[in-house]
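Take a look at the structure below.
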Amino acid sequence: MCDGEIGDPVTQPRSEGGGLVTMDQETRTHYLDAATDKHLTNGSPDPEPVDPLLVAQWSIENVTSWATCMEHFSRTLLDCLRQEAIDGEVLLSLTEEDVRDMRYKLGYKLTFGELKKFWIAVLKLQLLVKNSSAESVILGIECHGNGNSVYMPLASTGCGPPSSSTCPCPQAECPSYVSDCDTYLRMGGRYVPPEYFKTAMSLGYSFVVTWITSLTMVIVHERVPDMKRYPPLPDIFLDNVPHIPWAFNMCEITGSLLFTIWVVVLTFHKYRLVLLRRFFALAGTVFLLRCVTMLITSLSVPGTHLQCSQKDFAIDDPNVDMVGALIIRMSRAYRIWSGLGMSIQGVRTCGDYMFSGHTVALTLLNFFITEYTPRNLYFLHTLTWLLNMFGIFFILAAHEHYSIDVFVAFYITSRLFLYYHTLANNRALMQSDSKRTRVWFPMFSYFESSVDGMVPNEYDTLGSLIDGIIEQIFKAKDQLAISVKRCWLDAPLSGNSSAHMFGGESEQCLRNGTASAAFFSPHQSLIGGLGGQRSQTHLNSAQSGSSTPTPATSAPTKSLPTQKKTFRDASVDPFSRTTFAAVQQAENVKDSPMKEKKHL
């Protein structure tokens with residue numbers, strides 16, 4: 001229905017000539033005293049009729065009077081209308097969310113029932129004006145048919161009376177900053193900016209975490225328990241499944257296939273930067289947690305086929321100092337980092353058991369592919385889940401991890417993914433207590449601050465993708481040219497540079513003992529702002545009267561360093577005290593010939 005969650009639609013009588021339209025008695029809500037049968041607000045049982053042609057021209061007092069006559073509203077609500085400057089035009093463009101914000105964002109102490117009654121009154125007034133012949137009034141009236149807030153101008157629409165099943169409200173026009181108008185309208189007026197800087201920040205965060213993980217794997221390999229003293233722990237799955245030598249390589253091939261699918265999804269998805277930002281943030285967080293669990297507890301080697309020993313990575317050379325040991329560990333960490341920790345890349349590590357990094361990678365790729373592909377791609381979703389499960393099975397069949405390692409990795413990764421996207425897709429959960437969200441989830445609050453709701457799964461064609469790449473290249477070139485021009489041609493002059501530019505000329509004038517107009521010419525615009533054309537005349541007069549002898553009492557004399565400092569300060573700061581002193585001195589110099597003549 002057309003009026004959303006408020007109630008049944010209300011159809012008002014329409015005037016052919018745009019005259020007065022009086023609301024029906026059934027649609028009017030009164031608060032009557034049983035004893036006196038009078039209206040509790042103004043003592044009149046019938047409010048004045050409303051002219052829909054004049055509602056948009058109401059002043060703040062007219063709106064307050066209308067609210068007083070319509071319902072028994074509290075003084076707090078009336079004060080809110082006055083303080084927030086709600087006039088007729090603003091009243092007609094109010095939405096249910098705006099009315100709700102009076103209590104939850106603006107902080108007015110209004111009851112829930114009063115807010116609902118005020119919104120019902122506003123909605124009735126909006127429908128009354130919309131159904132009248134006031135076609136020359138541009139209004140922002142909300143269509144509540146599909147749950148999306150779509151605002152449209154009434155003059156160009158002529159949206160008819162609301163019905164119980166349909167709401168013939170037209171679509172709004174896109175703002176100028178939206179490049180994809182169809183996506184903007186399908187998202188209900190929401191726009192998802194790419195935010196390159198935030199994506200770069202998430203990439204940097206993930207990059208740092210991968211280096212920390214590699215260094216942690218080097219350290220835990222040095223602390224791996226001795227296989228002779230600490231045999232493999234009892235495990236239900238490992239004790240009943242024989243060792244398959246090629247299984248771990250198959251697990252990594254499975255992960256590579258999932259990664260290839262994810263790269264294809266990223267390439268053609270319209271909001272690829274949002275997906276990248278979320279992937280890097282979640283992957284970095286999970287692997288950072290894995291560094292803690294690997295380091296605090298060292299489990300014994302899960303299989304006897306693994307050749308793991310502390311001597312392989314131990315640094316026992318007494319000639320190696322702390323810096324040398326750090327360099328050796330960093331070189332080993334680089335080998336792990338460059339090989340992505342994969343055995344098919346020649347990387348062999350021990351001790352990094354709790355929890356499984358391969359399971360984390362498989363689960364993250366599976367969940368991201370499933371989330372950001374259309375729901376009707378059942379074959380793709382089934383394939384990714386099969387690859388995920390078979391990858392986990394291959395890890396256990398290779399006896400490279402305990403069962404608890406795989407289970408904890410799958411649980412933590414899946415829960416973190418679901419919690420993150422639950423908060424991101426439901427904006428109200430994050431905005432209900434924004435301060436606490438920023439404290440407990442600072443990275444989430446930063447990365448998702450401009451994303452409102454679910455990201456639609458929309459894809460670019462190959463042609464549009466190429467056009468977008470070319471457009472981004474030209475846009476980057478234009479931005480670079482503008483930045484170079486701004487830095488090279490439009491660089492503002494600092495105080496030191498201006499003093500350096502005009503300092504030589506001022507020193508020349510001071511050595512000549514005259515305050516010539518040429519000295520002041522670079523600063524006429526500065527001093528002219530203080531005295532206009534008058535100050536320029538004074539300076540020129542000072543030049544013409546410089547040859548006339550001036551009595552000692554006509555103008556105060558200053559030493560050469562004082563004058564030099566005064567003019568330097570005037571060039572740097574035209575509003576300093578020394579600038580006014582220089583102007584006053586010039587006026588005294590101008591008046592000195594008249595005083596001398598009078599003295600003679």
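Using the three backbone atoms N, Cα and C, a Cβ is placed for every residue, glycine included.
Record note: of Thr254, Thr297, Thr514, Swiss-Prot gives the feature phosphothreonine to Thr514, with no matching annotation on the rest.
Residue with Swiss-Prot feature phosphoserine, selected from Ser164, Ser432, Ser525: Ser525.
Within the chain carrying the transmembrane segment (349-369), a Cβ under 8 angstroms from the stretch's Cβ atoms is held by residues 213, 216-217, 220-221, 223-224, 251-252, 254-255, 258-259, 261-262, 265, 275, 278-279, 282-283, 286-287, 290, 293-294, 297-299, 301-302, 306, 308, 336, 341, 380-381, 384-385, 387-388, 391-392, 395, 400-402, 404-406, 408-410, 412-414, 417, all 6 or more beyond its ends. Counting Cβ pairs under 8 Å to the transmembrane segment (404-424), the stretch among 200-220, 246-266, 279-299, 377-397 with the most such contacts is 279-299. Comparing 246-266, 279-299, 377-397 for CB pairs under 8 angstroms to the transmembrane segment (200-220), the maximum falls on 279-299.
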